[in-house]
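Asks: Got a structure here, written out as structure tokens. Questions coming.
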Amino acid sequence: MALNVVILAAGKGTRMRSDLPKVLHPIAHKSMVQHVIDTAHSIGSDAIQLVYGYGADKLQASLGEQQLNWVLQAEQLGTGHAVAQASPYIADNDTVLILYGDVPLIQASTLEALLAARPENGVAILTVNLANPTGYGRIVREQGKVVGIIEQKDANPEQLLINEINTGIMAVPGKQLKTWLSRLSNNNAQGEYYLTDIIAMAHADGVAIDTAQPQSAIEVEGANNRVQLAQLERAYQAREAEKLMLAGANLRDPHRIDIRGEVTVGMDVMIDINVIFEGKVILGNNVTIGAGAILIDCEIADGAEIKPYSIIEGAKLGVAASAGPFARLRPGAELKQDAHIGNFVEVKKAIIGVGSKAGHLAYLGDAIIGDGVNIGAGTITCNYDGANKHLTVIEDNVFVGSDTQLVAPVTIGKGATLGAGSTITRDVGENELVITRVKQKHLLDWKRPVKIKK
């Protein structure tokens, strides 16, 4: 029996006050609907039907080439009408799981529990008990068994007292679903085709109906405006921060961290406030991340330290290496064991050898730097000739004086010393001292020009 997931994502989201389709608004740098798609894949879905309408071009541009079947809902006539558009793509023996593109925090474990709760050839509904159920459809039971769902606007005073609400998420057998969808009517206060009406049909047909509930109600909350979107963002961040702490990270303040990707941490990791993680980030044991740092698609080995306000993107730090404060490591940067990149140093597509240091105010691009090298302040690898990038090689134990320019392609041999202020345009041999600065001149009794008053 195949698992066929239908994701409803056709709405405009007028209350967002945006040209962007509602489901494309982001949670943690990823659209709400992408969160739902990823969760659907994670539970082993065999097919995903994405029901779309408003903003089709933007949806397709955002979601790109994924394993999705695009199903158009030209008119938004209710949830039942939306699911009905996917009927041609549903086999009789499918288990159909219905999800919503604006409910991004639903967890795989909850959906697995819902599927497990579905009786054979029956229906399972995800429900939540709320202290204030206003605005939601109510679960109607008789002698404990579900017999229907009544929408808020159609409920009588007695039904309005029910606090078990419908989340809209349900698992339904394919053959019966298609039959029930064909029998839906829009004879209700909204004039819409309610998906929820199939529950009363299931009861009337003698089909077993069971329910499951999420671990937290926040999983099934949607975002209809930017206030609710921000609330979901904070809930997501709190959940991700908790995962990090349980995995061995110490967060100075769990409320001041942004996780916008996949973060893996070792033991005894220390993360200060206002740190942002994006993409895939791996932190080893005893790693320290300073306040305000931004880490994007990088790997930080045991004992390494990222000091405050550094940006680490597409880079690797070896054991006990350090960067910052205010350092920038760009894609292709790699710091070997005990290497140090200090404040206002930028490294791009360069390897910094074991124990090598660039303490401050330098640019190291397209370079291979050996072990035990000292890079003075103001050093620049001049890697670009206006058309192509060229490589600078600095071998082991080289001392580069401050304010040195290395015009690539160039190689500096082992143990060489480059005097401060030099511009190096040719290869330097091992253990050589090279100084290229202009000879200092002294003009005695020099008189400065005098300003002329206007």
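Just so you know, glycine gets a Cβ as well, placed from its N, Cα and C.
Taken from Swiss-Prot, the feature active site, proton acceptor applies to His360, supported by sequence analysis. Marked as UDP-N-acetyl-alpha-D-glucosamine binding site by Swiss-Prot: 8-11, Lys22, Gln73, 78-79, 100-102, Gly137, Glu151, Asn166, Asn224, Arg330, Lys348, Tyr363, Asn374. Summarising the annotation, Swiss-Prot assigns region 'Pyrophosphorylase' to 1-226. The region 'Linker' feature in Swiss-Prot is assigned to 227-247.
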Asks: Does Gly101 (UDP-N-acetyl-alpha-D-glucosamine binding site) have same-chain partners at least 6 apart in sequence with Cβ under 8 Å from its own Cβ, and which are they?
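Replies: Looking at Cβ-Cβ distances below 8 Å from Gly101 (UDP-N-acetyl-alpha-D-glucosamine binding site), excluding near sequence neighbours, one finds Ile7, Leu8, Ala9, Lys22, Val23, Met32, Val33, Val36, Leu50.
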Asks: Can you break down the region 'Linker' (227-247) into helix, strand and coil residue counts using DSSP?
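Replies: Its residues fall into 21 helix, 0 strand, 0 coil.
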Asks: Long-range neighbours only, meaning 6 or more apart in sequence with Cβ under 8 Å: which ones does Asn374 (UDP-N-acetyl-alpha-D-glucosamine binding site) have?
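Replies: Set apart from Asn374 (UDP-N-acetyl-alpha-D-glucosamine binding site) by at least 6 residues yet with Cβ under 8 Å, we have Ser356, Lys357, Val398, Phe399, Val400.
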Asks: Fill in the CA-CA distance, Arg330 (UDP-N-acetyl-alpha-D-glucosamine binding site) to His360 (active site, proton acceptor), as an integer in Å.
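Replies: Approximately 16 Å lies between the Cα of Arg330 (UDP-N-acetyl-alpha-D-glucosamine binding site) and that of His360 (active site, proton acceptor).
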Asks: Just to be sure I understand the packing, how many Cβ atoms besides its own are within 10 Å of the Cβ of Glu151 (UDP-N-acetyl-alpha-D-glucosamine binding site)?
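Replies: The answer is 19.
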Asks: In whole Å, note down how far the CA of the residue listed as 'active site, proton acceptor' lies from the CA of Gly78 (UDP-N-acetyl-alpha-D-glucosamine binding site).
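Replies: Spelling it out, the Cα of Gly78 (UDP-N-acetyl-alpha-D-glucosamine binding site) and the Cα of the residue listed as 'active site, proton acceptor' are 61 Å apart.
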Asks: Please report the distance from the Cα of Glu151 (UDP-N-acetyl-alpha-D-glucosamine binding site) to the Cα of His360 (active site, proton acceptor), rounded to the nearest angstrom.
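Replies: It is 64 Å, counting Cα to Cα.
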Asks: Please work out the mean pLDDT for the residues of the region 'Linker' (227-247).
Replies: 98
